[in-house]
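Visitor: Mind having a look at this structure? Questions to follow.
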Amino acid sequence: MKHLLTLMEFKPHEVEDLLRISRDFKARYMAGEVYTPLFPGRIVMLYFEKPSTRTRLSLTAAAAQLGMQAVYTAPGELQIGRGETIADTMRVVSRYAAAVAARVYKHETLEEMARYSSIPVINALSDRHHPLQALADALTLWERSGRLHGLKVAFVGDVSNNVATSLAVVGAKLGWEVRLVGPKPLWNQKLVEELAEDLAKTGGQIYFTDSMNEVAGVDGVYTDVWVSMGFEKEAEERRRLLKPYQVNQRVMDIAGKRAVFLHCLPAHRGEEVTDEVIDGPQSAVWDQAENRMHTAKAVFAYLLNKRA
């Protein structure tokens, strides 16, 4: 049974396959073929412990466009909120649904869900990884640059978070140079070690730096909120630590005119990014958000073993 818990478990050619399927789905969509009913009448369970806009809606839209129905659930709506085990829950859900997409606080929850599931489990965000976002990021950069391999991308700010981690993973699979630009207390050198085998195969490079000048010459400048869900108690300390890493027009000028601006959203305007940048001519965030839907379709099709 193939799951999508992280992209680390996927080989480089499998990541490329997902992105090519995504591009094909988007081309069909843009040509007016919105409805591609590959899985008519099937059910996708969305299990969300955290609130969501893009992830929930993109998965719901993707399921509908493939002929499926998405059923949204939260812990308080299921017996799991009253003590039923994850194991028992997944054994039951596997009899009803074709796949489960789960947005959870702890990555270990996803691992346990997958352990007892006989249907694909998809990571819709955990504290450690956000693979659906990384696929949309890669598709967006491919569209904007015209290249899938050999890109240079700088992630600026909280380089320890799930979005930065998944960006590094997809970059390692595609032979990118990923520059993780942020304060030293947030560096995770273990990540580079974990991706060493893929980097050796693809010729990619990942490194940490605290210099904002390292955004020079990149294809994309990426940032995310300074205070992620679950870190509210550390809000003031994180804002103090990350204040020097705001993406403003000066940063984009250093990056150069070729660079596009990326943000997974929601954005805290005036903190990690200025209005001038996110609403500016180099911003690709709205294409990036749309691409969440097309890459979600690709993930469903890939894991359920059927392509358009």
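Using N, Cα and C of the backbone, Cβ positions are placed for all residues, glycine too.
OK, Swiss-Prot features for this one:
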| type | residues | note |
| --- | --- | --- |
| BINDING | S52, T53, R54, T55, Q79, R103, H130, P131, L132, Q133, C264, L265, R292 | carbamoyl phosphate binding site |
| BINDING | N162, D224, S228, M229 | L-ornithine binding site |
Visitor: Looking only at Cβ atoms, how many others are within 10 Å of the one on M229 (L-ornithine binding site)?
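Guide: For M229 (L-ornithine binding site), the count of other Cβ atoms within 10 Å is 15.
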Visitor: Reported as an integer number of Å, what is the Cα distance between Q79 (carbamoyl phosphate binding site) and M229 (L-ornithine binding site)?
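Guide: About 24 Å separate the Cα atoms of these two residues.
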Visitor: Within 10 Å of each Cβ, count the other Cβ atoms and name the one among the binding-site residues R54, H130, R292 with the highest count.
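Guide: Of R54, H130, R292, the one with the most crowded Cβ is H130.
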Visitor: Do you see any of the binding-site residues N162, D224, M229 whose C-alpha is within 10 Å of C264 (carbamoyl phosphate binding site), and which ones?
Guide: D224
Visitor: Would you pick out, from the binding-site residues S52, Q79, N162, S228, the residue whose Cβ has the largest number of other Cβ atoms within 10 Å?
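Guide: Of S52, Q79, N162, S228, the one with the most crowded Cβ is N162.
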Visitor: May I ask for the distance between S52 (carbamoyl phosphate binding site) and M229 (L-ornithine binding site), taken between their Cα atoms and rounded to an integer number of Å?
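Guide: Cα-Cα, rounded: 11 Å.
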Visitor: State the Cα to Cα distance, in Å, between H130 (carbamoyl phosphate binding site) and N162 (L-ornithine binding site), rounded to an integer.
Guide: 6
Visitor: Report the same-chain neighbours of L132 (carbamoyl phosphate binding site): residues 6+ apart in sequence with Cβ closer than 8 Å to its Cβ, ordered by sequence.
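Guide: When sequence neighbours closer than 6 are ignored, L132 (carbamoyl phosphate binding site) has L4, T55, S58, L59, I122, N123, A124, L125, R292, T295, A296, V299 within Cβ distance under 8 Å.
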Visitor: Which residues in the same chain, at least 6 apart in sequence, have a Cβ under 8 Å from the Cβ of D224 (L-ornithine binding site)?
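Guide: Spatial neighbours, sequence-distant, of D224 (L-ornithine binding site): F155, G157, D158, N161, V163, A164, H263, C264, E272.
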Visitor: Across all chains shown, how many C-beta atoms besides its own are within 10 angstroms of the C-beta of C264 (carbamoyl phosphate binding site)?
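Guide: Within a 10 Å radius of the Cβ of C264 (carbamoyl phosphate binding site) lie 27 other Cβ atoms.
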Visitor: Looking only at C-alpha atoms, tell me how far R54 (carbamoyl phosphate binding site) is from N162 (L-ornithine binding site), rounded to the nearest Å.
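Guide: N162 (L-ornithine binding site) has its Cα 16 Å from the Cα of R54 (carbamoyl phosphate binding site).
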Visitor: With the L-ornithine site defined by the record as N162, D224, S228, M229, how many Å span the farthest pair of C-alpha atoms?
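Guide: This binding site's residues have a maximal Cα-Cα distance of 12 Å.
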